[in-house]
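Scroll down for the structure; my scribbles are underneath it.
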Amino acid sequence: MCCFFFFLLVLFCCHCQLCRSSLAEKRWILNVIKRRRSEVAFCISKEQQVAGQARAACAVWIMATFVRLWGSCRARGPRPLRLWGRSARSCGDGSAAAGAGLPSLDRWKQAAAITTASCRGPGSVLLPFRWGWGWGVRNFWSRGSAFDGDDGAAGAGGSGGEEGGESADDAAAPPTMTALAPLLVPEVFPNLPLIAVTRNPVFPRFIKIIEVKNPKLVDLLRRKVRLAQPYAGIFLKKDDNNESDVVENLNEIYQTGTFVQIHEMQDLGDKLRMIVMGHRRIRINKKLEVEDEEVVEENKKRTGRKTKRPKKELEETAVREQMVELVIEPPSPEVLMVEVENVVHEDFQVTEEVKALTAEIVKTVRDIIALNPLYRESVLQMMQAGQRVVDNPIYLSDMGAALTGAESHELQDVLEETNIPKRLYKALSLLKKEYELSKLQQRLGREVEEKIKQTHRKYLLQEQLKIIKKELGLEKEDKDAIEEKFRERLGGLVVPQHVMEVIDEELSKLNLLDNHSSEFNVTRNYLDWLTSIPWGKHSKENLDLARAEEVLEEDHYGMDDVKKRILEFIAVSQLRGSTQGKILCFYGPPGVGKTSIARSIARALNREYFRFSVGGMTDVAEIKGHRRTYVGAMPGKIIQCLKKTKTENPLVLIDEVDKIGRGYQGDPSSALLELLDPEQNSNFLDHYLDVPVDLSKVLFICTANVTETIPEPLRDRMEIINVSGYVAQEKLAIAERYLVPQARAMCGLNEEKAKITSEALTVLIKQYCRESGVRNLQKQVDKVLRKSAYKIVNGEAESVAVTPENLQDFVGKPIFTVDRMYDVTPPGVVMGLAWTAMGGSTLFIETSLRRPRDKESKEGSLEVTGQLGDVMKESAKIAYTFARALLMKKDPSNEFLITSHIHLHVPEGATPKDGPSAGCTIVTALLSLAMGQPARQNVAMTGEVSLTGKILPVGGIKEKTIAAKRAGVTCLILPAENKKDYFDLAEFITEGLEVHFVEHYNEIYDIVFAVQ
């Protein structure tokens, strides 16, 4: 009977309490009744849970009434156990039920147990264990939730939170997973932490995973979770390239965003990973500053004292007391907290247009799912079980936009739209674009798949065809065909035994390798090179002297030394009955025909011709080849020459051997030592072939401009032949025989239409082309004939005759107008002779008194200018010393050179000059200045002078003689030891010259300063 009356009393209290419940509590109760009735973890059997809606609703009402009554009783009296904290009492509209009503850890320790009723929706209920009721604890998100014991409640949002705060702030602790499931999301929550995202905004009722790395924002979110306020505002950034989650200005983000609830938070130390769910649209009003955490705790302690306050005041200040934070620290440049307001969509009617739009959206979504099954999972996650999406146009528009991969501004436009029909239309537009993209993606995928299938089918058919041909004997395997090809190449060749062993070994290895392996290609390329060398194969050589001489004369004029040496080579080969390789080196100025004569020699000897240049070469592998282990390895130039010429006795021209370089990859000049040594090149070893190759029958010809830059060991292995420059008569003959006919043929002219007289060619040579070679002369002749062809084609003339009078119309003003700087040399100026790579030239030595005689200083001085080299400066000092001694001997009273300060200059200061051959010229200029007597006008000299006056030999006699004759010199003074070089010159060069060969300077003194 007592139990029956107690039960009636409880029912009466339930009815009274339900009438007094706030609006939020009623909504929560109705929500639980409507959507969670089948899953409430209550102490009843499974049959009772499904018995009926009335009994479940009654149980929920009893539970809610009990919670409210117990909380009211505990608030009126000082009891050791308190269920709801300050935040729960202050939230009269039920917003504190969203997780804020969790008891602190110290009070939960006084309770007997903790129970949780967990539901599938966004809310869950925390109830204390009392009077022996044993409800189980079930976590919705994960078993690793923080709600699992003493420190769980505080860490997940207890009102006290002392122990839980320590646990969350411990940086050394491992990452914790916090599952947050508040009872009810508040309708109004004006102050929120701001989280900025890029590319994709969060739509209401959709879940998104977000990572936060901003330290200040991380601390703020942790604090909010401890205060049982797991809410934030997510806004889209305007700049998609800005990945930072720091917002310095509200202009960086869109003003419309989404109010989200944090369902799960994983603390990774330096960042947070959260699962959030959007609830409604919000708009930013203004920026708020964040209060320091220590000040917040102090305010909580002060405001935690119990004071009697009217219920109306509590309800009005509940949200403000719970969420608004005061500015304590200086304003931060970052935007962490904002004040927001809810965005309410416009009222709408479910018209035919809305129905049509929703139906079209559903149809488009189905089409997209049919094209791309990946969207099916996304749709299933977005749609709740048992809910018809078509009945909710608001949710349908958001779902349609969230499914697409549209641009960020397009998605934001859908989020900001408050007119539901327009929002549906925009979402449909985005879905149509996504549908077209899915169709394109499917078409491309189908094309690629068909292409792959077709390629695979062709491969299978080809393999089957190979097998069929092999069975019928129509075709052999690839390896057999390759081996047969290589052995066919070797037929008719005299392959050395050691080379044949290597070939057989490589062929055996090739048969064991897979066709698709990299080693197979390396071995095949090696065998290809090894079998391409003409082992034992020679071209039939021409040993007819008359025929060879005729061929050489056809292509080149002059160059008697070169032609004579080649004829000697043929004569020796004819007597021996066999040919032998030689190494020749032609050196001389550019344009004299060194390279072209080599081709003529090959034609005269009936040998194959191969040319390669070593100018600037720094890699020794260009000569010796690369190792086979390297990618793209290949033999050196010599092995390439043998493969191309298909003979073992070609003529190989190594051009510009004096300009060979040296780098970190080796010294190519040292590699040429083995190549050009007759004793070693019979067993030349290339790095790639790695078998000896006989090069003893190869005729090597090297070319160079100077021999001084060629390394001495390399120069010692070559036979040096000087190819000197041409004089005017030789150039004229070359132009008339070779250059003009070749230029006429190139321009399509004949001798009747274009004619260049010999006088015009002579003027062209003397005033435009003074260099030793004929390359520039060839350019000028081509220029004359090109302009002649233009005049004929243009109708200006039927034929053109080039004479000295109209030569300037074709080639412009003369470059060289005078042959010598001084027509009459004054005292102190003497003409010398110099040699350059371009040929010979005259060189004047000028001396002058720099300043008057210094009475205080007994010694004079000599200053030298003109960009002279070290050797020439030393030669000037020697000449100055000897001139002083000679003048004291000839005229003891003349102390000019002893006491005077003299300036010696060599004109054309921009041209570097060096060498000792101007020694006698400097002595003559100093003596002429000291005696005040000019030197002989028609004389030029060259020769090195020693400290005792002895005249030493010099080089470039031919070029210097040609330069002297071109300058109108009639008297030439040369060293006595250069007599042999002078008499080797052609008669037309030495014609009209008075030559004196001297051994001592006294002889020059008598010639130059004789009584005139």
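Just so it is clear, glycine is given a Cβ too, placed from its N, Cα and C backbone atoms.
Among the ranges 151-173, 289-311, 841-863, the stretch that TrEMBL annotates as region 'Disordered' is 151-173. Ranked by Cα separation from Lys960 (active site), the recorded positions Gly588, Gly593, Thr595, Ser917 are led by Ser917. Other Cβ atoms within 10 Å of the Cβ of Lys960 (active site), summed over all protein chains shown, number 29. Burial estimate for the binding-site residues (Pro590, Gly591): highest at Gly591, by number of other CB atoms within 10 Å. Apart from Gly588, Pro589, Pro590, Gly591, Val592, Gly593, Lys594, Thr595, the ATP site neighbourhood in this chain, defined by C-beta within 8 angstroms of the site C-beta centre, holds Thr703, Asn705, Val723, Ser772, Gly773, Arg775.
The two recorded residues, Gly591 (ATP binding site) and Ser917 (active site), show a Cα separation of 25 Å. Mean predicted confidence for the domain 'Lon N-terminal' (192-435): the pLDDT average there is 78.
Counting only residues at least six positions away in the same chain, the Cβ atoms of Lys594, Asn705, Asn722, Val723, Ser724, Gly725, Ser772 sit under 8 Å from the Cβ of Gly588 (ATP binding site).
For Pro590 (ATP binding site) paired with Ser917 (active site), the C-alpha to C-alpha distance reads 22 Å. Sequence-distant contacts of Thr595 (ATP binding site), defined by Cβ-Cβ distance under 8 angstroms and a gap of at least six in the same chain, are Arg611, Leu653, Asp655, Thr703.
Counting Cβ atoms from all protein chains shown, Gly593 (ATP binding site) has 23 others lying within 10 Å of its own Cβ. Pro589 (ATP binding site) sits 19 Å from Ser917 (active site), taking the C-alpha atoms as the reference points.
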